[in-house]
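Database features, via TrEMBL:
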TRANSMEM  21-41  transmembrane segment
TRANSMEM  61-85  transmembrane segment
TRANSMEM  117-138  transmembrane segment
TRANSMEM  144-165  transmembrane segment
Amino acid sequence: MHDSQQYKKEQLTIDLVWANKVGLFILIPIVIVFGVPFYWVWKSQLSFKSVFGEVGVLDSIYIFGVLMAGIGLHELIHGITWAIFAKRGFKSIKFGVLWKMLTPYCHCKEPLKVKEYIIGAIAPAILLGILPAVFAIFNGNVGMLVFGMFFTMAACGDFLIIDLIRKEDPNDLVEDHPTEAGCYIYRKISD
């Protein structure tokens, strides 16, 4: 990192239990933003059977597999994006699971500028959540809509961390917290 004498360090974390509750709450606006337009566009072609069909064991396994792959991809997108900005690239990226909360994570071991950190934090929400949900509105794919809404909701913790740092100077530094959901902000000390 840059000369640590030039920065004041502050820890910013979120409570994962609270983040999960907020995630359920934001499902309401997510359904309004994506589900309502989807319904308006495709209502003449929707029926219970067309949406749910006959979900069997293999379908359930497929859905579970897609969700697990999406969760892994979510963390990988964080890692790839932060590695682009990190001086040491992927050597600065670590993946793991907070087992007590069954929460996978991606950890960047070096400080990034606030704006770089935010790009990496929001990238999975855009790529796995918002874009698939928007595409679903245009192509009528219910599975893609549900996938997009789920992964927009799954980014709730990322949104909360972004909210903690969004008003910081974009050139100050952010370092992932190594054991908590959150980060350290390094604010440049003025002379």
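Just so it is clear, glycine is given a Cβ too, placed from its N, Cα and C backbone atoms.
Given the structure is predicted, the values throughout are model-derived calculations rather than measurements.
Ranked by the number of CB pairs under 8 Å to the transmembrane segment (21-41), the listed stretches 61-85, 117-138, 144-165 are led by 144-165. Residues 55, 92-93, 95, 104-106, 108, 112-113, 116-117, 119-121, 123-124, 127-128, 147, 150-151, 154-155 of the same chain lie 6 or more positions beyond the ends of the transmembrane segment (61-85) yet place their CB under 8 Å from a CB of it.
Here the transmembrane segment (144-165) has Cβ contacts under 8 Å with residues 12, 14, 16, 19-20, 22-24, 26-27, 30-31, 34-35, 38, 66-67, 70-71, 74, 103, 114, 117-118, 121-122, 124-125, 128-137, 174, 181-183, 185 of the same chain, all six or more residues outside its ends.
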